[in-house]
Amino acid sequence: MEGGVHELDGSTFKECFSLSWRNPYVLRLAFSAGIGGLLFGYDTGVISGALLYIRDDFSSVDRNTWLQEMIVSMAVAGAIIGAAIGGWTTDRFGRRTSILVADFLFFAGAVVMASAMGPAQLVVGRVFVGLGVGMASMTSPLYISEASPARIRGALVSTNGFLITGGQFLAYLINLAFTNAPGTWRWMLGVAALPALLQFFLMLFLPESPRWLYRKGREEEAEAILRRIYTAEEVEREIEELKESVAAEARDRGSSETTTKASLAAALRTATVRRGLVAGVGLQVFQQLVGINTVMYYSPTIVQLAGFASNQTALALSLVTSGLNALGSIVSIYFIDRTGRKKLLVISLVGVIFSLAVLTAVFHETTSHSPPVSAAATSHFDSSLTCPDYSLRGGSYWDCTRCLKPGRSTECGFCAAAGDKLLAGACLVSNTTVRDACHGEGRLWYTRGCPSRYGWLALVGLALYIIFFSPGMGTVPWIVNSEIYPLRYRGVCGGTAATANWVSNLAVAQSFLSLTEAIGTSWTFLIFGGLSVVALAFVLVCVPETKGLPIEEVEKMLERRELRLRFWAAAPPRAAGDEDGKESGKSAGV
């Protein structure tokens, strides 16, 4: 971060991968730390498929939407605590130590969940995993950022985002692979122990962050690591600028002691840091409020709401969205140091708004045109199997949507017509016996969503959402938060931003199913669309461009409080006499 400014000529992506030949040590650091991102992605993604089978094994979960949301969101609650603790531990004990602690938590959580005998033990295991996710979410990108040459820092930090989305894709593959295995969901949740062990082993043989070591007065260790990261002609300049950064920190505190603790209260008293926090925390909050984790946590459920009945079909189709998410992270690696952070964010949010508009329209049509329930189709089955509310109101008009409406004392399901699922079907009590009877006649059984001719459009909307979200809003908030804070405040500010991310994540994860039941899927996506519009305005006004800048130049930019709505245009040169500023402006477009 304290490195010199480089002209970005569009070759950054190629240079990043040429490191595998010229300096594999840098990639070894990045990918070893990035396994934390893989675990982050796997443990947040795997529950979407596992939940389908947990519902089958535990009837108390199947009947209780709130309990389903709790199993999903307790990992997020744990992540809130983990991110807050991680901000402190990374400054106190180091980035590497925090990653090792996160690995232990990942392993313990996987073992507890795989051996769960009931919902309570599942919740406990999800909290353990969440603690690890929270620590890894802010520590892994910080470690990579501080161990990366400035020119390709964005691309290398983006590898952490790629491994997050790759972990989510792996989770869907594992879910699909174990659909017919005994103890289906136990395998899905337990597999996460393996990459946790792998990263723990790899990190034991890797060094601490050189920036953290230097700030703690361990200059010789830090310089030895920097010499392995930078070329011979670059390393002296990097060391000199790191010395200046630490000296400036000591002057700011009015003391030569460089190891005094940095607190959030002290950060908030500094205008530059405060403005950085507004941008960093705001990005993390809006990353969640535009609805990404409704797609990642509940993707199979959303597919079923769109009219695809079977668990296997829902998992297979959800694999497409997670694959696109991983692909989008690769796109981010290519463009992040060429296009810039802010431009990617704006393009991403415009696409997200359009995608959510498509999903809103599709689910409105799906709900408005669901197949009718007919007395003849229902009476085909034993009268004891008929949905009690339908029996009481047999003379009124019912369709599939009304049949599946939640909140009744007895849950009901829709048995579609044989041959053409869009014709009138039967409204029956929802249990395994009735489901098997419906399937036994070659019919589809629906308990989440209704048969629809528009289901494929919902998949298109989900795919577009992921394609636009992943390269921008998916990765850039983590990159900006690893760049925007002064060295002494990176742990506490990064932890604060990550905590804000997980608090927002929890609010979305815990409310999505309840919202869809209360106001409908269409209105729920419309709310996310409105929040995306607000996010776009926030990015235009509050988020600076940090592409290619050393930390000193980021601080100067925040001090000037620049507002550049014409973010696509090159910035004017700095004032005369500030040669470093001129070069920074030309290369970073600030």
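Note that Cβ sites are derived from N, Cα and C of the backbone, with glycine treated the same way.
As written in TrEMBL, here are the features:
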type	residues	note
TRANSMEM	29-54	transmembrane segment
DOMAIN	29-547	domain 'Major facilitator superfamily (MFS) profile'
TRANSMEM	66-88	transmembrane segment
TRANSMEM	100-117	transmembrane segment
TRANSMEM	123-144	transmembrane segment
TRANSMEM	156-178	transmembrane segment
TRANSMEM	184-206	transmembrane segment
TRANSMEM	277-299	transmembrane segment
TRANSMEM	314-337	transmembrane segment
TRANSMEM	344-363	transmembrane segment
TRANSMEM	454-480	transmembrane segment
TRANSMEM	492-513	transmembrane segment
TRANSMEM	525-543	transmembrane segment
Below 8 angstroms Cβ to Cβ, which residues of this chain, lying six or more residues outside the transmembrane segment (100-117), approach it? 36, 39, 43, 82, 86, 89, 124-133, 135-136, 139, 186-187, 189-193, 195-197, 199-200, 203-204
Contact check, the transmembrane segment (492-513) vs the transmembrane segment (277-299), 3+ Cβ pairs under 8 Å, seq sep 6+: yes
For the transmembrane segment (344-363), distant same-chain residues with Cβ under 8 A (at least six beyond the ends): 283, 290-291, 305-306, 332, 335-336, 454, 457-458, 460-462, 464-465, 467-469, 471-474, 476, 520-523, 525-526, 528-529, 532-533, 535-536, 539-540, 543, 567
Which of 29-54, 66-88, 314-337, 454-480 shares the most C-beta pairs under 8 angstroms with the transmembrane segment (277-299)? 454-480
Cβ contacts under 8 Å made by the transmembrane segment (525-543) with residues that lie 6+ beyond its boundaries: 278-279, 282-283, 286, 289-291, 294, 341-342, 345-346, 349-350, 352-353, 356-357, 359-360, 363, 473, 480, 515, 563, 565, 567
Rank 29-54, 123-144, 184-206, 454-480 by Cβ pairs under 8 Å to the transmembrane segment (314-337) and hand me the top one. 454-480
The recorded stretch from 29-54, 156-178, 454-480 sharing the largest number of CB pairs under 8 A with the transmembrane segment (184-206) is 29-54
Relative to the transmembrane segment (454-480), which of 29-54, 66-88, 123-144, 156-178 accounts for the most Cβ pairs at distances under 8 Å? 156-178
Beyond a gap of at least 6 residues from its ends, the CB atoms lying under 8 Å from the transmembrane segment (156-178) belong to 16, 26-27, 30-31, 33-46, 48-50, 140-141, 144-145, 148, 184-185, 187-188, 191, 296, 299, 312, 315-316, 318-319, 322-323, 325-326, 328-330, 332-333, 336, 470, 474-475, 478-479, 482
